[in-house]
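This report concerns only the one structure given below.
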Amino acid sequence: MKEGIHPDYHEITAKCSCGHVFVTRSTGKDLNLDVCSECHPFYTGKQKVLDTGGRIDRFKKRFAVLGGKN
């Protein structure tokens, strides 16, 4: 490999707003994150499930007159 053509690849810290800190390597500067795998609802299992059942029932009732499958 040629000398002097590669960017400076060094350790950085990525700090989340929840307090979790990751150490990784990059050519950039330290990162401040809003969410991470420790606090994001998808990864923690605390997801909100949207109530779409009411919308589906309304759709079925509205278009039941057309005589489609039940």
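All residue numbers here begin at 1 and follow the chain in the order shown.
Glycine is treated like the rest: Cβ placed from N, Cα and C.
Sequence annotations record features per position, and here Swiss-Prot assigns Zn(2+) binding site to CYS16, CYS18, CYS36, CYS39.
Take the mean position of the Cβ atoms of CYS16, CYS18, CYS36, CYS39, the recorded Zn(2+) site; other residues of that chain with a Cβ within 8 Å of it are SER17, GLY19, HIS20, LEU33, VAL35, SER37, GLU38, HIS40. In the structure as shown, the Cβ atom of CYS36 (Zn(2+) binding site) sits within 10 Å of 17 other Cβ atoms.
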